[in-house]
Amino acid sequence: MADPKSQNNVILACQPPKTLEDFDPPKKPGRNVYAIACATLASMTSVLLGYDIGVMSGAIIYIKKDLKISDLRVEVLVGILNLYCLIGSCAAGRTSDWIGRRYTIVVAQVIFFVGAILMGFATNYAFLMVGRFVAGIGVGFALMIAPVYTTEVSPASTRGFLTSFPEVFINAGILLGYVSNYGFSKLPTHLGWRLMLGAGAIPSFILGIVVLGMPESPRWLVMQGRLREAKKVLDKTSDSQEEADIRLADIKGAAGIPENCTADIVPVIKQSHGEDVWKELFLHPTPAVRHALIAAVGIHFFQQITGIDSVVLYSPRIFEKAGIKSTNDKLLAAMAVGFSKTIFILVATFLLDRIGRRPLLLSSVAGMIFSFAMLGTGMTIIEHSDTKLTWAVALCIAMVLAFVAFFSIGMGPIAWVYSSEIFPLRLRAQGASIGVAVNRVTSGVISMTFLSLSHGITFGGAFFLYASIATVSWFFFYFMLPETQGRTLEDMEGLFGNFGWKFAEFKKIKKQQQNHDLNEEVKGTGNGNDRGQIQLGTNGHT
């Protein structure tokens, strides 16, 4: 009989010698270039909203001069597009379940293209409002579908990074709008603002053609029973073949298709395109769905109620109140706001999947509170001073830039990332559309009331009010939003359903600490008794 030790030696001798690299931890997969390309194309539709916000902040200066409208009409014209978005975002959920995510993006581009042309050729205030109505519907479609599509094609390892792209392109659009304002400001008043608004048709036309080259969402394909096509997309957008198989199995399970089904096309029960979904969301929600709905509505509500659109849309007016009188200087300062937002949103994209949603969000809101408090202080000092205080003007400009930076590094992208990933597959499109609807309605209310609010309680008072609201939002986020970093979409439902999850966590930690203290006390008592026995025995022996 052979010696087992000699056999082991022979086996080891046949194996190649190991190097130091063999003991290194497994390397993380690189970023999926195909998934990044798909997310980029889909997210570029968000440029529409960003461009409209940025361009309107400057165009309204010339529209007011040319059409001779009051501040009340200015507020309505600026903010009404956000309310019109409500129509588009509500319709987009059902439309995307009917014709697919990709063609819904095309519909958004076509609608906005028509709206931009109408605004560019507007001859009076009423005509301009019609163009705002059409463009608003297109923006609503784009805002709802971009994060949904991006979420559904993204692997879990980079979902936060990729799903933040819509906010990146909103900021890029804002910057483009500011640049457009500055570029066309040298033209005659009646021509400049029309070109500013009409130029928005160019990106929508290009995007409407380019997105046709994108694949359809794999989750939508599975919902239609087109498993072979879904598998092809997942193979290209996953980090590994194993992950692609797991994602496909999870999606099939969520869609009610047996996991062992391998047919290319399978019959599925045609859903009612929304009726049952709305009932499940509002009338008979499970605890998990109710929690997710409150979280999505809350994060979108607080994203806008804290005043970001007031700062971005009315930045020239804010800088004017701070002491900058030249129109050219006001537009340049507004461009600085656009650059600050764009730079820090790019920073946020690389932090979302490394740091997590909660730490970024909470630190972002804390920074917003500080910035608004300092901005309110600076504006109050300027409003009560008879002379120009250069340091106060500098403080106000710095705090505006700081506010948009803090917003962009957390609150801005996370609202879209979080709300698009927490709903189950069957509710995702409509759930996301509810978040967009709340977002746009709140934005409309804020942007249509800022000038009136600042006249009533002063600019400084308005910013102190926003700081107070941001403080409330910080506590809401802390107690209501669990961390979703690294979770698969099909695993999200398990995170929600316990509204007191944070209090339960505190109780768990406290109980663990009590048990630890008790064990230490028992251990200490036991050691003390042992020492006493040894000492007594020793003394007796002596």
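Each Cβ is built from the backbone N, Cα and C atoms, and glycine gets one as well.
What TrEMBL says about a protein is an automatic prediction, not a curated fact.
The compositional bias 'Polar residues' annotation in TrEMBL covers 528-542. Residues annotated as domain 'Major facilitator superfamily (MFS) profile' in TrEMBL: 38-485. Sequence annotations record features per position, and here TrEMBL assigns region 'Disordered' to 519-542. Taken from TrEMBL, the feature transmembrane segment covers 33-63, 103-123, 129-149, 161-179, 191-214, 331-352, 364-382, 389-418, 457-481.
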For the domain 'Major facilitator superfamily (MFS) profile' (38-485), the mean pLDDT of the predicted model: 88
Cβ-based contact of the transmembrane segment (129-149) with the transmembrane segment (331-352), 3 or more pairs under 8 Å: no
Per Cβ pairs under 8 Å, the stretch of 33-63, 161-179, 331-352, 457-481 packing most closely against the transmembrane segment (103-123): 33-63
Stretch with greatest number of CB pairs under 8 Å, the transmembrane segment (457-481) reference, 33-63, 161-179, 331-352, 364-382 candidates: 364-382
Residues of the parent chain within Cβ reach of the transmembrane segment (33-63), under 8 Å, 6 or more residues beyond its termini: 69, 74, 77-78, 81, 85, 101, 105, 108-109, 112, 128, 135, 138-139, 142-143, 145-147, 149-150, 153-155, 158, 162-163, 165-178, 180-182, 185, 189, 192-193, 196-197, 199-200, 203-204, 207, 210-211, 213-215, 236-238, 309, 312-316, 327, 331, 334, 338
